[in-house]
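Undergrad: Per TrEMBL, domain 'Tetrahydrofolate dehydrogenase/cyclohydrolase catalytic' is recorded for 12-127. Look at TrEMBL and you will find 146-295 tagged as domain 'Tetrahydrofolate dehydrogenase/cyclohydrolase NAD(P)-binding'. Under the heading NADP(+) binding site, TrEMBL lists G172, R173, S174, I238.
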Amino acid sequence: MTTETGHRAKLIDGKGFAAGLRQQVANRVAALKASHGIVPGLAVVLVGDDPASEIYVRNKGRQTLEVGMQSFEHRLGAETSQQALLDLVARLNADPAVHGILVQLPLPPHIESAAVIAAIDPAKDVDGFHIQNAGLLATGGRGLVPCTPLGCLMLLKEELGDLSGLDALVLGRSNIVGKPMAHLLLAENCTVTIAHSRSRNLPDLCRRADILVAAVGRPQMVKGDWIKPGATVIDVGINRLPAPEKGQDKTRLVGDVDFEAASLKAAAITPVPGGVGPMTIAVLLANSITAAERQSARESGE
Ligand SMILES: Nc1nc(=O)c2c([nH]1)NC[C@@H]1CN(c3ccc(C(=O)N[C@@H](CCC(=O)O)C(=O)O)cc3)C=[N+]21
Ligand SMILES: [Mg+2]
């Protein structure tokens, strides 16, 4: 129970859960090798040389190898044309060693990301961003589900068990997190509200939520007194703030939630870092083995 003084929310250990999920992926990779002689392959395409994306792509590559899958990294210059990128996607679609394709977003402004996403074979779309996968999620079908919201749902079910009947507030309406998150929660029988920067009475909307998923990309926007006592808070935000106390040019990561204040109200909360971020990569690997299993089953007529 929450009280005015002394209460601290339970920390939801995304980093630990992600490690367990990667172990399950490794077991499935080994099983697919044994049964079909197939080594799943994940291709990651990075356009431009954003240093933050660079680190993130390197981590994905390392974890991909650790679970026994093949990793193919394609680094293209910032001036790469849309046609050259579409040509690469077509080659990856046709490559039988590639079971999953991820094109790192955001793309440079001269490239239309919708056109690139549309070009990815939906069966290899491990980000779950293709219209076919988005449509399957919205209509209850069996597609590939975007990694970040699926990771959030796994943490919520681990923490709460059955979510039926709970009031869920999703703050943020992106195609990448907010909208798919809302569909996943709806499928778990939550009463779902999607709120965003233009919503009226945001604090009041949040205060009604048993489950609050914050995915707006605004550092520490959700205040402590926006949290319903006893709520479960999932913080998707990864915002880099200057941290002069750590030294010149140093930064620290903060979420979309004022963590310290929210911890005094919530029953459980994800930290940043160590919460949703590691889950995103682990679910990417889970989606990749799922894609490989389905492609190999289809090819062998199972
Ligand atoms: N097509 C595409 N798919 C993506 O899934 C995608 C993308 N583009 N573009 C960039 C964002 C960002 N993203 C992160 C994943 C993991 C961490 C992560 O592991 N974060 C660690 C900390 C990392 C650190 O210290 O910088 C944590 O939160 O604990 C962060 C960010 C996936 N994205
Ligand atoms: Mg908004």
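Each Cβ is built from the backbone N, Cα and C atoms, and glycine gets one as well.
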Undergrad: Please list, in sequence order, the residues in the chain of R173 (NADP(+) binding site) that are at least six apart in sequence and whose C-beta is under 8 Å away from its C-beta.
TA: K179, I194, H196
Undergrad: Filter the candidate list G172, R173, S174 of binding-site residues, keeping only entries whose CB is under 6 Å from an atom of ligand 1.
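TA: So the answer is none.
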Undergrad: Determine the Cβ neighbour count for G172 (NADP(+) binding site): the number of other Cβ atoms within 10 Å of its Cβ.
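TA: So the number of other Cβ atoms within 10 Å of G172 (NADP(+) binding site) is 23.
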Undergrad: For the domain 'Tetrahydrofolate dehydrogenase/cyclohydrolase NAD(P)-binding' (146-295), give the DSSP counts of helix residues, strand residues and coil residues.
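TA: Residue counts in helix, strand and coil order: 61 helix, 30 strand, 59 coil.
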Undergrad: Work out, from DSSP, the number of helix, strand and coil residues along the domain 'Tetrahydrofolate dehydrogenase/cyclohydrolase catalytic' (12-127).
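TA: Going by DSSP assignments, the domain 'Tetrahydrofolate dehydrogenase/cyclohydrolase catalytic' (12-127) contains 62 helix, 19 strand, 35 coil.
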